[in-house]
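Engineer: Quick one: this structure, given as structure tokens, is what I'll be asking you about.
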Amino acid sequence: MKLHELAHVLKDVNPERSMPHPEVVIRGISYKSQEVEEGYLFVAIKGHKQNGHHYIDEAIENGACAVIGEEVERGLEVPYFQVENSRKALSLISDHYYHFPTADKILIGVTGTNGKTTTGSLIRNILEDNGWSCAFFGSTNNVINGEVYTTGNTTPTLLEINRRLYGSNDDVVVIEVSSHALTQHRVEGVAFDYALFTNLSHDHLDYHGSMENYFQAKKKLFGMLKKSGKAIINTDNHWGALLAEQLRGQGQPVISIGEKDMDDVKVDRYTSNPNSLLLKDGDGTLSMRPSLYGLHNMYNIAMAYATVVQIGVKAEDAVFSIERFEGVEGRFTVMELKSGTAVAIDYSHTPDALFHCLNTTRELCAGKLIHLFGFRGDRDGSKRKEMISISSELSDQYILTSDDLNSVTSEEMKDILIDLQEKYGNRNGRVILDRTRAIEEALASTGENDWVLITGKGHETYQQSYHYPVENDGEAVSFLDEK
Ligand SMILES: CC(=O)N[C@H]1[C@@H](OP(=O)(O)OP(=O)(O)OC[C@H]2O[C@@H](n3ccc(=O)[nH]c3=O)[C@H](O)[C@@H]2O)O[C@H](CO)[C@@H](O)[C@@H]1O[C@H](C)C(=O)N[C@@H](C)C(=O)N[C@H](CCC(=O)O)C(=O)O
Ligand SMILES: Nc1ncnc2c1ncn2[C@@H]1O[C@H](COP(=O)(O)OP(=O)(O)OP(=O)(O)O)[C@@H](O)[C@H]1O
């Protein structure tokens, strides 16, 4: 991309200086000054913690040939483009720079408080099973051309997405679109063929301030649908029903998922023992033995099914793939121990997710159910009381322990947990700060037919070290089972 082309791409351009080198070729783009190289375009973003405009000099020292920003900047030695919104400009520019890599693909955006990763992974697996190649951007990883990459955010910026998709041969792209990403214009300009809404419940209120704001953030995804695009919505969720009503009122086609006869894809009957599901799709009834457990996962299956049949997968082929799906790492991963105890490791960290996860475990557990969980430092503290009362009600015993501390100290977290237990806990609750010690205690007090449910981290690596030298919950359970 040449420098002078930049001026045409940015609508509200106000170049600080004339274009000294219109033929200068932009060799890369970054919004991180420390990653700028010779000939790069630097995009200065005023962020939540830092202001990228304070790093423009560093970016120029590193070789930036032009800068985009929101603030007035004078006397820079390279052309400066002042724009209304740097994040939007970043997305727009990266699309042009990488020659619109999403334009010739089927784009699926999945949003919702819970179920994005499971639903997105189901869709990817069903499509891959049936002849479509499918790229994936989500919480657990990114997959492009069948290559798996680690990821930072659930939803990267479009710069990162386009960089990965440049040269991708994938037919379809599934993107988990978080409310943060939508608020921060991370996928600005992407036109989706399908937008999925799994559910909305209490989470991230520290960021959005209210459920209404949280809902409005999620709703943005549905304004990014192509003209031919379709919304696929769980209308058994209150916010989903509201969204469907609003979209239908605007003439947007909606495919509804739920347990109601009027739903386009109905979760007709689910039993957990044996694990079997009956889906109704129009006149057809589909019976299957899913590999996933829990009613919440039946909704994920219904969402994924509704999407893939729209793309062209035959119903019976979709069912076959759903039954073979191996699940998502750390989403209700079950381990059978020598003692006869079953351990489920799950990622749930919201009240709604915890409710579903505990209910599922309760349905499978014939003996005692011990639940082990904690709360992430610096995250939405308003959901903790609700989570403790759900656990108090649905588990026989629970242990409050450490989750990611972030900037909170271990001692501060201990005080938080003790205070929460005293205020909202019951006599079956305890606090054991060291996560591995807490797992050890839970395993020591269970046996045949008992279950231990460990939630909050799932597959994720521990952010801090504990007594036993292990990196995650799965490793801790295996280590202690061998001990
Ligand atoms: C609070 C938040 O969402 N922050 C996101 C935001 O960062 P920011 O722009 O505010 O960054 P900042 O640290 O304030 O820095 C501002 C700017 O200065 C630049 N800078 C800074 C320092 C320097 O030396 N040089 C320099 O250029 C930075 O590169 C940045 O462009 O934009 C970044 C680029 O997209 C994101 O990586 C980052 O996500 C942070 C890491 C994060 O943890 N976000 C969480 C809340 C999040 O987004 N979670 C959702 C999933 C939620 C869920 O469903 O559970 C997600 O999609 O991951
Ligand atoms: N449809 C659902 N409704 C409620 N809870 C769910 C649903 N699907 C999954 N969960 C619960 O939420 C947890 C997270 O599931 P998943 O990773 O699929 O969702 P997510 O939206 O990607 O979450 P995150 O954005 O935190 O990664 C699961 O471990 C499970 O306990």
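Cβ coordinates are placed from backbone N, Cα and C, and glycine is handled just like the others.
As listed in TrEMBL for this protein:
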type    : residues                                               : note
BINDING : GLY112, THR113, ASN114, GLY115, LYS116, THR117, THR118 : ATP binding site
DOMAIN  : 26-98                                                  : domain 'Mur ligase N-terminal catalytic'
DOMAIN  : 110-307                                                : domain 'Mur ligase central'
DOMAIN  : 330-458                                                : domain 'Mur ligase C-terminal'
MOD_RES : LYS218                                                 : N6-carboxylysine
Engineer: Which chain neighbours of the ATP site, leaving out GLY112, THR113, ASN114, GLY115, LYS116, THR117, THR118, have a Cβ atom within 8 Å of the mean position of the site's Cβ atoms?
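Structural biologist: Everything else in range on the chain: VAL110, THR119, GLU176, THR198, ASN199, ASN300.
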Engineer: Do me a favour and check the Cα-Cα span between LYS218 (N6-carboxylysine) and GLY112 (ATP binding site); whole Å is fine.
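Structural biologist: The separation of the Cα atoms works out to 7 Å.
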Engineer: As a test of the contact definition, list every same-chain residue at least 6 positions from LYS116 (ATP binding site) whose Cβ is closer than 8 Å to its Cβ.
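Structural biologist: Set apart from LYS116 (ATP binding site) by at least 6 residues yet with Cβ under 8 Å, we have VAL110, GLY138, SER139, THR154, GLU176, VAL177, SER178, THR198.
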Engineer: Give, as a single whole number between 0 and 100, the mean pLDDT over the domain 'Mur ligase N-terminal catalytic' (26-98).
Structural biologist: 96
Engineer: Mind tallying the domain 'Mur ligase C-terminal' (330-458) by DSSP state, helix then strand then coil?
Structural biologist: 53 helix, 26 strand, 50 coil
Engineer: Count the Cβ atoms, other than its own, that fall within 10 Å of the Cβ of THR118 (ATP binding site), considering every protein chain shown.
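Structural biologist: There are 26 of them.
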Engineer: Going by DSSP, is THR118 (ATP binding site) sitting in a helix, a strand, or coil?
Structural biologist: helix
Engineer: Relative to the Cβ of THR117 (ATP binding site), which residues of the same chain, six or more apart in sequence, are found under 8 Å away?
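Structural biologist: Those within reach of THR117 (ATP binding site), by Cβ under 8 Å and sequence separation of 6 or more, are GLY138, SER139, THR140, GLU176, VAL328, ARG331, TYR347.
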Engineer: Those recorded positions, ASN114, LYS116, THR117, LYS218: which ones have a Cβ sitting under 6 Å from ligand 2?
Structural biologist: ASN114, LYS116, THR117
Engineer: Once the chains shown are all counted, how many other Cβ atoms turn up within 10 Å of the Cβ of THR113 (ATP binding site)?
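Structural biologist: That number is 23.
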Engineer: Tell me the Cβ neighbour count for GLY115 (ATP binding site), meaning other Cβ atoms within 10 Å of its Cβ, over all protein chains shown.
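Structural biologist: Within a 10 Å radius of the Cβ of GLY115 (ATP binding site) lie 27 other Cβ atoms.
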Engineer: Can you tell me how the residues of the domain 'Mur ligase N-terminal catalytic' (26-98) break down into helix, strand and coil by DSSP?
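Structural biologist: With helix first, then strand, then coil, the domain 'Mur ligase N-terminal catalytic' (26-98) has 25 helix, 16 strand, 32 coil.
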